[in-house]
Amino acid sequence: MAGWIQAQQLQGDALRQMQVLYGQHFPIEVRHYLAQWIESQPWDAIDLDNPQDRGQATQLLEGLVQELQKKAEHQVGEDGFVLKIKLGHYATQLQNTYDRCPMELVRCIRHILYNEQRLVREANNCSSPAGVLVDAMSQKHLQINQTFEELRLITQDTESELKKLQQTQEYFIIQYQESLRIQAQFGQLAQLNPQERMSRETALQQKQVSLETWLQREAQTLQQYRVELVEKHQKTLQLLRKQQTIILDDELIQWKRGQQLAGNGGPPEGSLDVLQSWCEKLAEIIWQNRQQIRRAEHLCQQLPIPGPVEEMLAEVNATITDIISALVTSTFIIEKQPPQVLKTQTKFAATVRLLVGGKLNVHMNPPQVKATIISEQQAKSLLKNENTRNDYSGEILNNCCVMEYHQATGTLSAHFRNMSLKRIKRADRRGAESVTEEKFTVLFESQFSVGSNELVFQVKTLSLPVVVIVHGSQDHNATATVLWDNAFAEPGRVPFAVPDKVLWPQLCEALNMKFKAEVQSNRGLTKENLVFLAQKLFNRRSNHLEDYNSMSVSWSQFNRENLPGWNYTFWQWFDGVMEVLKKHHKPHWNDGAILGFVNKQQAHDLLINKPDGTFLLRFSDSEIGGITIAWKFDSPDRNLWNLKPFTTRDFSIRSLADRLGDLNYLIYVFPDRPKDEVFAKYYTPVLAKAVDGYVKPQIKQVVPEFVNASADAGANATYMDQAPSPVVCPQAHYNMYPPNPDPVLDQDGEFDLDETMDVARHVEELLRRPMDSLDPRLSPPAGLFTSARSSLS
C-alpha cells in the first residue's frame, strides 16, 4: 500500500503520466481499493515467456476477481450502492478480458507498478520539478502519513462492517417479530374445528421450528459479527495509540524542545501547521471510531445477546475516551512563550493554541483561558494532582482571554497581549541561591467541551520556567539561569529540575548558540575561542580543546562563584563580551577585525614579531565588557603596549572605528591588514565648516605617550616604517614599566583614558565660550594639560 500512498502525492505532469497508465484494461479504482492486495502479490516471480507459469497467473487473476467481489459485497447503504455496482462490474470486466490470457494481466500490472515507482523516485530526487512530491518530509514523516492512510481505510472498513451488522440485525428483528406472531397464532387455534386446527397447527409448528432454527443460527452469526467488529476496533485503537504516541511524544515534544532552544538563540521552532494537520487527522479518526463504538453499543442494547461483547465494547469505549482525552489535553500548547526573564510592572505577551480546536467543534463554544504565575514547588504539586486551587505566587493583570477561531488558518488560539506582573511572592531561598535563580512558571488553564458537550476536559499547560526580576541590573544573572535551564533540561523532568553539572562540550554548544544569536552573527566561537574560555573557567594553561572535553562545569562555577583572582563570574564576563559586541561592534566582529578572546601573554606572542604599528583588539580581563588595544611599537622602555579598556560608556561617546582612526601610529590590523582598509568605511564623516563663523571643536582619541608620534605621523606617513627594527624582548621585560609611572597610566601600565577624555571634554567646553567672558576661577589647574599631555584637534 505504501507505493500507492506515495503515488497519490504526485503532482503536475507526473500525476498525468500516472493517470495514463490506467483505463479499461485496468481501472484506477481497482488499483485504489485493492492497493494492499496488489502490492503484496508476487507479480515479478512469474516468467512471462514460460508457459508453465500460466497456472500461477490464472490464480492471480482469480484472486483479483475474488477480492473485487468481496469488496463489493462489503459496500452497504446509500453511499456504497454505486460503488458496489462499479466494483462488481470491474470484476466481471477483468474476468472476461484476461480469462484466456492471464499472462497479459501480469504484464499489465507489472508495467503499472514499475512506472508508478519510477515516477515517485523521480519526484523524490527532484529530477522533474513539475512532478515533485508536495512533501519533502523525512522518512519518518512519510511513515506517519502512510499510517494515517491505513487508519482511514480501516475506519472505512469498520464503518461498512457496522452497517452490515445493523442491516443483519434489523432483518433478524423482523424475523423475530414473525416468530412472536406465529406464537400468537397458536393461541387462536382453539377457535378452529379439530381437523382444521390439526392441519393449521402442523403447518405453524413446521414454520416455527424452521424460523427458530434460523434465529438461533442468525443470533450466533450476529454475535460473531459483533465480536469481529470489536476485535477490529481493538486493532484500530492499538494503531491509533501508536500513531498518537509518535505525534505527541516524539514530534510535539521535539517541537517544544526546539522552542526551548530557540530561547537560547537556537533556530526558530518552526510552524505548527504540519503538527496541527496530524493532530486534526487523529481527532477525526478517533471521533469516527468512538461514534462507531457507541452505535455498536446501541445495537447491543437494542438486541441483547448473551456473551462477552458488551464487556468488550465497554472496554474499547473507555480506551478511546482515554485516547481522545490525552489528545485534547496534550495539544493545548503555548505557541508564543512569555518572556523567560520577566520584569514586574512591565507589559508582556503570550499565545496559547489548541491544535484540535477546529475538528472537535470546541470553537462552537469559545473557551476562556486564564493565566496565573506559580512557583516551582506549586508546579510540582500540580503535576502530582495535588490540590493547588487558588494557590498562586503573584498577580497578573489582564490574565483572561477568550480563544478565537480563525477560519482562514483553521487555528483556535488566545492572544494575551497586555499582561503585566503586578507583584510576586517569593519562596524561602535555599543556601546560596539568589533571587535570580528562583524559577516560576505561567500556568494557562481552560475548560473544553468536545462534540456538542459530550465530553468536558479541564486543560492546563505550563510555560517554560521564568525568572522574575524587579530591576534591570538583575537581568544578566537571570539570563544565566534561563540559559542553563533551556540548554540542559531533560525531557519529562520534574519542574524544573536541571543538572547541577554538565560536560564542558555541552556548555560550549550552549554558549556558541547564545553568542551567535546575541551578536546576530554567523561568526560563532572558534576552537581557539573555546580554548581561551576553558582556560579562563578552569584556570588551566592547556591549549588543546580535547584536554577539556571530559571536564565538568558546575552551576556554581558558571555563575555563582567568582573566577579566581577576579570579582566577577564566568558568565558575567562572557555576557559583558556579548553586550559590547551587540551594542557597538557587530560589524567589526563580522569583519574579523576583533580577535577578542586572547589574553595579554597571547597578544604579546602574536605581536612580538610583527612590524611596528601592528595591533589587535581583545576583550579585557579586568573590565567586564571592555575592549583593549594591544600594539607593537619598539621604544627604549618596551615594545608591546596595552591601552586601558574601553567600555560601552566610552563607545557611546566615540566609536571604536573613530578612536582607531585618531591613532595614526596604529597601521595594521593583526595579522597584516591595513587599518583603513578594515575600518575606513565606519569612520564618522568630517563635518562641513560652520556657516556662522565658529570653528566646531572635536573630541579625538589621544594617547599621551604617543602625542609626538601622532604629530610626526600626521606629517610623515612613513614615520612608523622608519622606527627602529623590532627587538624581541624577554618576557620579563614585557612586564616591566618605567621606574617613574606616568600619571595617566594605571597600576598595570595601561592608559587611563577616563582622565584623558575628561580633560578633552573640559577643553571643548572652554573653547565654546568667548575668551573675554572666561572666569579665572573656571580655568583648569596649572599644569593639567602639560601633565596629561593631551592634544585637541
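Backbone N, Cα and C define each Cβ position, glycine as well.
The feature phosphotyrosine is assigned by Swiss-Prot to TYR90, TYR682, TYR694. According to Swiss-Prot, the phosphoserine annotation covers SER128, SER779. Per Swiss-Prot, domain 'SH2' is recorded for 589-686. For 772-793, the entry in Swiss-Prot reads region 'Disordered'.
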Other Cβ atoms within 10 Å is the metric here; tell me which of the modified residues TYR90, TYR682, TYR694 scores highest. TYR90
Rounded inter-Cα distance in Å - TYR682 (phosphotyrosine), TYR694 (phosphotyrosine): 27
Cα-Cα, TYR90 (phosphotyrosine) versus TYR694 (phosphotyrosine), nearest Å, comes out at 100
Per DSSP (three-state), TYR682 (phosphotyrosine) is helix
